[in-house]
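Per TrEMBL, the feature repeat 'PPR' maps to 91-125, 223-257, 324-358, 394-424, 425-459, 495-525, 526-560, 561-596. According to TrEMBL, the domain 'DYW' annotation covers 741-833.
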């Protein structure tokens, strides 16, 4: 009746064959149904063909009936042997009982043999075996037996129709119930409550609520099950108000609700967020003593979990008998899904102490909690338990195990499970793709995506979001745009999650205008959409645009969160908007109730320090209510390097090295600061210390994508096969820029060499080599995109501005902090970086 906490079998692929059988049956029924069958009275199946003269048949029938009642198939098989030895003296009535015993015991092969050997059969025989096939998930055989029943001219009574309707619902072919409905109407069974309830259930699965209501209204003598079916139909199809109205009408006509009715009503209350009504229904549950029922208990737990009433959740859970795994699985899954992973794990341990055997859904939820906690040891223990209970082949459990190992940094173990899995689904592929993205191996993630498409696995919004994130990490614009095109061939072109990933991809690939175009085209935006767009503008140094988006977000009724303010303060920091940044930082707690975290303090330290307020930045660090992280001190050190404050910079570096003694970036920044101040002895000391510790300065690298290939360049590189052409173009650029008045800034070279050598070294910086390569390898007038692993130097920045004007090309360089969009002699950062 109400399909709660159950799973259907996978939908078979032979719907056309099933449809053909049903249509054949309906056509013959409507055109040539015998008058005798149409006028037969409805009888109780258990009373058909009762023997009247054979004592042995009566005796064995009674004994078989007792075996059926006691659920004792072994004794029934023993009796069957004795009966066969006596010459098979069973009549049709007793044989049907024996058939039912075999079906109930799931001894389907024995049931089939008995059925085939029966000298005569009636409707009860066929219906019993149909139910046996359905019970063993052999739905096609059940449909075939149904058509045979009709072909042999047996009576089509209510038990036949309800059985085959349940089979179609289980096959997820409930839409074929239309065909049966026509025959039911022809035979005059449309007012039968038994058949009507089965039809309501079938129409409910199809979402045909109006037809279900018509069937309901046509039933003459509605019982409690019929009313419950209609309430469930409304609730399952999100007609929540109508579900409550049907419940009220049911009470008015005098029917008392049962456990399934209450489950449907609570679902409607959750859909309407009608907590007051739900509490009233809860009172009714207490009066009727259904609070200990499993279905009602789960519905109540769902209700109070959605409302955030943890006290009631705990009270209800403790009050329900916890002998069924479903209850434990529900609570563990809710804790795991609501970021209460420790409670989920503790509840799983308590379940084990209660000697309740977990099922695949329990393990999936408990493993999800382990993955969130990053607890590898606990994940391994659960993996051992999974192997012990032989659930390792289950796709839900296998996917959860992959997720645990991936999130715990053991992606190789995840891959091993993935390759061994015989039942992969879209979640399996997505888990591996996202796992590789999070581990920083974007190329492997994209390789898996291609393999997924080759295996014709169905990509979902999670898939597209993951591979777009991988494209963003590689700044692979061409691949990202291809994936964008691919989404238009699916149902995910308008999906919010995919749109958010597209905004992020275009932003990180230097196409902020395309990112804004995707943002403007969205029909629905969530918090992630707004935050991603704000962060994109921040990354490109377009602080005022980011603040406009922030204001628009509030005007549209979206409440900013912690990540929103990270983007806003970062935008202010990247654009030098000191007053605006301080105002937004103060408003976080006062107006929005958001406690600043370490990321917000880091943005403010960077903003104050970059604006020259180094001591204010230091004071802010001292006022942080928790221990400042390395991130905060690095922000102050970077500002000290820019403003050449050696003493404060040395103190900042000292604090960083106290927390991370092997941090090579800090050693390099400190060395650069001393070199700028011409304190060469200190530079030498730091470099010797780095050499002694085995640390090396990260070499400056730039790379550019061209025709699907990525070309890498390092400072002073001579290994590229096109080096002669690159050197020629660099010499031409040197001449053109000097004619235009460019003067190299030799202070950018932090080496104790003469001026001429410094000028030579500046012209072989990695980004200039990449630029020269792009000028002759890409089409004239096209945009040039270069990625750099370090901060762009002052001299290269000035040179790029002038070159963009000389060659009339847009040049976009993404360094370690942000994007620089050079256009006609101007940079998007406004020379503030």
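Just so you know, glycine gets a Cβ as well, placed from its N, Cα and C.
Predicted automatically and left uncurated, TrEMBL annotations should be read as such.
Within the same chain, residues 1-3, 193, 196-197, 200-201, 203-204, 207, 209, 212-213, 216, 263-265, 267-269, 271-272, 274, 277, 284, 288 sit at least 6 positions outside the repeat 'PPR' (223-257) and bring their C-beta atoms closer than 8 Å to a C-beta of that stretch.
Remote same-chain partners of the repeat 'PPR' (324-358), defined as residues 6 or more beyond its termini with a Cβ less than 8 Å from a stretch Cβ, comprise 5, 294, 297-298, 301-302, 305, 313, 317, 364-366, 368-370, 372-373, 375, 378, 385, 389. Beyond the ends of the repeat 'PPR' (526-560), by six or more residues, the same chain brings 496-497, 499-500, 503-504, 506-508, 512, 515-516, 519, 566-568, 570-572, 574-577, 580, 592, 594, 818-821, 828-830, 832-833 to within a C-beta distance below 8 angstroms of the stretch. The average pLDDT computed over the repeat 'PPR' (526-560) stands at 95. Taking DSSP states H, G and I as helix and E and B as strand, the repeat 'PPR' (526-560) has 26 helix, 0 strand, 9 coil. The DSSP breakdown of the repeat 'PPR' (561-596) into helical (H, G, I), extended (E, B) and coil residues amounts to 29 helix, 0 strand, 7 coil.
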